[in-house]
Structures are given as C-alpha cells and as structure tokens.
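Participant: So TrEMBL has the following annotated:
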- ASP71: active site, proton acceptor (ACT_SITE)
- THR8, LYS9, ASN10, LYS11, GLY12, LYS13, SER72, PHE154, GLY155, TYR156, ASP157, LYS177, HIS182, ARG183: substrate binding site (BINDING)
- GLU42, ASP71: Mg(2+) binding site (BINDING)
Amino acid sequence: MQKLIIATKNKGKMKDFNQLFSKYGIEVLSLLDLEEDIPDIEETGDTFEENAAIKAEVIAKKFHLPVLADDSGLEVDALGGEPGVYSARYAGTHKDDNDNLHKVLEKMTGVKEEKRTARFVCVLALAQPEKATIYKRGECEGHIGVEPVGENGFGYDPIFIPNNYNKTMAELTSEEKNQISHRRNALIQLEEWIKEN
Ligand SMILES: O=c1nc[nH]c2c1ncn2[C@H]1C[C@H](O)[C@@H](COP(=O)(O)OP(=O)(O)OP(=O)(O)O)O1
Ligand SMILES: [Mg+2]
C-alpha cells in the first residue's frame, strides 16, 4: 500500500497521521485532498466506535478501497466523561476548538488539581470492501490545566497535561506528541495490517 484515505476533514488529525504514517512510507489523503467534494458525514452514533465506523464505511463503499477513520475526544472525570463523543461540537455545531476548550475550563472552575483527571480517546475504524470493520482504541491519560498554554497541536491540546509531563500537549513538538498520544496508541495496534497491505 502506497496511499491510504483517511475519512476526516480535520487538519490537526491529518498532521498527526502524516507523521505517524511516514515511517511506513505511506502517503495519507484526507477528504480535503480528494478531487471530489465530499459532503460532511453526520456522526449519529453514541460511541466513538459507531462514529468512526460510519465515517470509514461511507467512504470505503464510495471508493471501493480500504479507508481508515478516527473518532476521538476528551473524557473529563469531573464532568462525568464529558465532552466525550461530543468533543468537536461541545460549545456548538460551529465546532470551534477555542470555544470548546473554554467551555471545559469554565465547567472545571474550582475543581482541585487531583480531581482534574482526564484522558484523550481515539478509536480507529478500518473499513475494507467485503470485510468486517476493524476497531482499535488508544488512550492517553492526563489532567486538565487551569488555562490554555502552548501553540502546537489542535483541539483540546492547550488544556491537556499528559501524565509524567509538566507541560500541555500543545507545548510538545509533534514528534513528542506522536510518541504518547491516543492516536499513536490506537495506530500501533494496526501495525501488522499496515505492513501486510
Ligand atoms: O489529539 C488531539 N488533541 C486535541 N484534541 C483532540 C485530539 N484528538 C481529538 N481531539 C478533539 C478535537 C475535536 O474536538 C474532537 C474530535 O472530534 P471528531 O468528530 O473525531 O473529529 P472532527 O469532527 O474534528 O473531524 P472528522 O470527524 O472529520 O475526523 O476531539
Ligand atoms: Mg467529526
């Protein structure tokens, strides 16, 4: 395999995937890289697994090719697991990273450091023509800071401090993020398939 379509329009995820796939010599294409205009796919599921499968299967059927999709988000323990599968639209359907992270910070006002535990979750769905969809889940544990710090990454990275670090995910280089991230932890479980295909 020289190229793989990833059923996403998220440029932050694609930056991660570009780097994660480069070691296999595979070029990844997002839905924004295709000639054709692909309409937004509605994420109607209640779980990361369902939403990842919807995205991967719609595009795999359309092109008759293997397609990977990523559904991911932030689970904050003090918020009962929110924003979870609603991470992208937490502060509204306009899907703004800055509004979303400020909504989390606001809801966490006054919550003490030891109660600010959280994790990033990434579920990858690999859909292949005539085959059952394969799922892999990766997580990254950490806690929520009190203000946004750092310029790298995307989404909730500026408020997420990974375990064993004293800086946010947005202060890590992309190489550093890609050694510990939920996305990396999910993708390494697909390594065998990647090498065989
Ligand atoms: O490494 C990450 N660092 C920071 N934030 C992250 C990360 N990974 C996911 N997130 C957040 C961003 C978004 O609020 C949600 C994903 O939502 P999710 O529906 O999977 O993606 P999306 O709608 O942005 O793009 P698409 O569905 O086209 O892949 O979780
Ligand atoms: Mg989405």
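Every residue gets a Cβ built from N, Cα and C, even glycine.
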Participant: By a simple count of other Cβ atoms within 10 Å, which of GLU42, ASP71, ASP157, the recorded positions in the record, is least packed?
Facilitator: GLU42
Participant: For each of the binding-site residues (THR8, ASN10, SER72), count the other CB atoms lying within 10 A of its CB, then report the residue with the highest count.
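Facilitator: That would be SER72, with the highest Cβ count within 10 Å.
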Participant: Could you work out which of the binding-site residues (GLY12, GLY155) has its C-beta surrounded by the smallest number of other C-beta atoms within 10 A?
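Facilitator: The binding-site residues GLY12, GLY155 were compared, and GLY12 has the fewest Cβ atoms within 10 Å.
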Participant: Just report the maximum Cα pair distance in Å for the recorded substrate binders THR8, LYS9, ASN10, LYS11, GLY12, LYS13, SER72, PHE154, GLY155, TYR156, ASP157, LYS177, HIS182, ARG183, no decimals.
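Facilitator: Max span of the substrate binding residues, Cα based, is 20 Å.
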